[in-house]
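**Student:** The structure that follows is given in the form of structure tokens.
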């Protein structure tokens, strides 16, 4: 496509420097990577490179066309091939190989094309969870996927009210049928209607049927579609599927009668033979597939891993689902069996020009209700009608065999069309089609060793599709340029109109073929000679092979193809002898007779609903025979298809077959390159390379290349202006980029140049940092070594000083020191002793003189008061004498008191004496008188103390007796009070009964009104306003008090009516406010409290034990409401599920932007701008949500639930469910976004998880187990950050990531994307190592988490602490008609 080398501008030749990579042509791998080892200079004839295996090579080059450069490693593995800086064939092949082999990613964008490589392995990327993940997303926001293309088509249809088409093409075995099936499944899932018609299931059911009758095993594919199919899926104004219509193209009829080696006939024949032994098929007289010529011809009747009998059951089920019941199915099977028996009819030669038929024809005629003799005759003869007579001419054996095979092909062709017609009738819809999405599953460009009529038609169709594709690509490019106000310049591209003219123009190949078919003796050789005469040396696109006179060559847009002319006329005529047709018309089997009527029923009942006008008139047939020719029919159907596609917005899927051996994830570069050229992908790349393929927003450019900006440039506030200034400084050639309104457009190679500048700047910064760090380390090391050297020197020098002479001198010095120190110590001790004795002498003298001065005044005082002391002594003596009489005792006591008062001065003086001179008492009291006085006072004091002690004991005995009497009286009083309270309770019960009997009629009539008013009032009163300043569950308590009243009256009718009205009312309120979170929260809380009240007051022992005695008196007496409790429990579960759904709907759209896309960490960007070009319709119309948005929404949920009095356990369960959703949605999006799988993004995710954990801690919800639901996401974030190189790393990953499945771990490792050149990719060998370690794990091989999963909800019993008698009804409830009884 591009040649071995590319033309390089003079400016870009400077990029051919040391260490840069280039691509060198290679015979085996097509292209081989090499690294430049010597700078290239202008005029050099050789480029010095080193191959990946280490081989040095001097590659000869043309200075004007150097080898293509490699893209920087940071751009390898891009989601979009057009985002590569260097756009050429080796870059495309390498990018696809890296994604397919290393990252296990089978989808890649190439502009508007989705390239799908067949993995030959079942992948867990097509579940409903994946569908819901892509639903509503813009194309490019997620990893490339067939669902992304389907969503883009669906979104454009809904936004623009315009019909869409998805064109799926590729080689046989590339996966076209599977891709088309997945697109239809996506539409059926996201646009499911609310009716019970199951239209989506019917649309999907059409696939197994058409695959059974139209698919077969080939050498390239076990389930190859042998026909083209365009399925229109119809939508109503609500964009829900209402029906479908199918059109088919170019069924390979020759496969019915001939299969090449290792190929099979259509699947339906083998399914029928596998079920032949069942009773319902006995009348078909079938056997195994080996018994029939039409099924054993290829020598391969069984496909490994395929159960034809089970598939037959599945085919019958899909027939039933479409309403095609047993009679219809049996008619179809009868026709198929007849074809098999017709193939076993043996034709024997009778002479050279005659033939005869054996008895095997009888079964064929019996099944189809034909005259066996007539069929036998006209299979061996033909009728020639001339103007004068009719001649019957016998046929040779070969001619008869051809007639038999032609009849079989004709019958099968009619049967196939009939089945498609009935499928369309089953998918017919009564209403009006608003829009449709068409899915075209058509063969891609084909070239084999021997190419015939079928390949010619297929390649002709692909020429038309390629032309339509080229026009659409330029239309989109022009729209993008106009949108960004960039001047549109005409781009040169390959125009295949000359090839189309060669095939379909006047006197072209097709017209010459029809003309030759009209001739009675027309032959392939004659037609080929006309082609030679008309086009050889006259048309450069037509060639005659040098070594063949039976072939011709056409230069198609993809490649040159050589066609063999043999069989072109016969296949184009597609005729059966008219006599045989007349015999089939007379068949007694109605289905067979209807096939060959002159005016067959229209195949498509939807033809009238599609109003599409052709750009040019459809060709009209000159005569009947031309009308029946294969080319004419195919050309007309192709023209209608192109008109339809031109009236829709097309989307392209190109399926690629990676290898011919059907090995999983094996990449054959030669085969892939051939298909990329054939399907137009490389042409798209070439066109993109001529314009501005790399397109970045200003924000992306600023974020990526701010490192190249100066401080002065960064000081400018306008980022758009900064980008312009920087680019004008970095890239001098202004033709290499264009400034749009929102994007910067770069020519090929410019992004790589900017990446080189950025990498150089980072490398210089790293070198500077390394220099400083290494210098610091070296200085630190030097200082450490210096200290060590000094220490060593110190010890070494000390060691050298230790000698014999030094030892003697040292010992002598020690002896001298000993004696000297002893002398000095003894001298010091003597001085201290003399000083101590002197001090003691003077001290003792001073103390003696001081004592003498203190004692002298006290002696004088004692001599003055001597007589008084004697009197006191006499009184003490008298106190000891026993009392003679009370009077004498009183007189004595009186005298003692007078003496005591008189001697108060004496006592004071005595105390003073004791305190001052207690230590010297023996010295002062030499005569003993003072000591005698002191002892007398002590005895008097003891007498008084004894008296006081006796009085105290008497008083304590009296107090003890009085306390006993008080306790006895207290018990009597308590007993009397108890009797008094019981009497009052009896009186209160009597008064309450009287009051109830008085108001019975009033309350009874209004009991039902209470419920209705409560429920009606809740509809118009905001719950938040109701629950403020009132007890939790107040409406529930009011409802229960009404239940208790009905129980008191023992009125079952009233109770039943009340409970039914209550339950129905709650259901009605919830239904009318099914999207109102506050209302659902309010009634979930009250339903829960009402259920608890029914339990608490049920009278059952297990609930009564939590009640107070007063609450137990209010238990129900007459009714068991366990049945209603179950109903209320089910109702509460329903409300809870709706409550969770509303919360999830309110927060789900915030999760991915807030948890994954928003970056709150300063200086850390987890995104790598890729320059991906979104579709023009993929408008980013979503609001920007942050982590704060999520936390605010969670806080709103929490506060609303608390205000409505929701039980704490229920609140914890709701929060756990929300956290599971946050973790699951974030993790699922991470799995589907390769650009998010980076180390820095892992840091951001862990930061966001910490915010959620802080929120839980702040709300005191750690015990809700919500944190545990985030464990898979936390482990995924850890996996993105951890080192992934050694065996220990692999072991650590296996031990740590216990909440992730093996599939999920491998997916993250394969998707890991470095943000900078300094990060390393995860090697495939490391991934295989981890996978091997995880093989023993028994986990579900499921990639996506089920975001619809609901944890089982439990309603714990929580008794109300409030007494019913104390509950007050707020006036805001407007329930004044209620009367408390």
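Numbers run from 1 along the shown chain.
Cβ atoms here come from the backbone N, Cα and C positions, even for glycine.
This is the feature table in TrEMBL:
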DOMAIN    76-759  domain 'Myosin motor'
BINDING   170, 171, 172, 173, 174, 175, 176, 177  ATP binding site
REGION    638-660  region 'Actin-binding'
DOMAIN    1059-1336  domain 'Dilute'
**Student:** With every protein chain in view, how many other Cβ atoms are within 10 Å of the Cβ of residue 171 (ATP binding site)?
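**Tutor:** If we count other Cβ atoms within 10 Å of residue 171 (ATP binding site), we arrive at 25.
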**Student:** Excluding near sequence neighbours, so keeping only residues 6 or more apart in the same chain, what lies with its CB under 8 A of residue 172 (ATP binding site)?
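**Tutor:** Sequence-distant Cβ neighbours: 218, 220, 221, 224, 225, 443, 446.
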**Student:** Which value does the mean pLDDT take for the region 'Actin-binding' (638-660) in this predicted structure?
**Tutor:** 90
**Student:** Around the ATP site recorded as 170, 171, 172, 173, 174, 175, 176, 177, what other same-chain residues have a C-beta within 8 angstroms of the site's C-beta center?
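**Tutor:** My list of surrounding residues reads 118, 220, 221, 224, 225, 444, 655, 657.
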**Student:** Return the residues near residue 170 (ATP binding site) by Cβ distance under 8 Å, restricted to its own chain and a separation of at least 6 in sequence.
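**Tutor:** Residues satisfying the criterion: 116, 176, 444, 654, 655, 656, 657, 675, 679.
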**Student:** Long-range neighbours only, meaning 6 or more apart in sequence with Cβ under 8 Å: which ones does residue 175 (ATP binding site) have?
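**Tutor:** Expected: 116, 118, 655, 657.
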**Student:** Identify, in sequence order, the residues in the chain of residue 173 (ATP binding site) that are 6 or more apart from it along the sequence and have a CB within less than 8 Å of its CB; answer 'none' if there are none.
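**Tutor:** For residue 173 (ATP binding site), the qualifying residues are 118, 218, 220, 221, 224, 657, 662.
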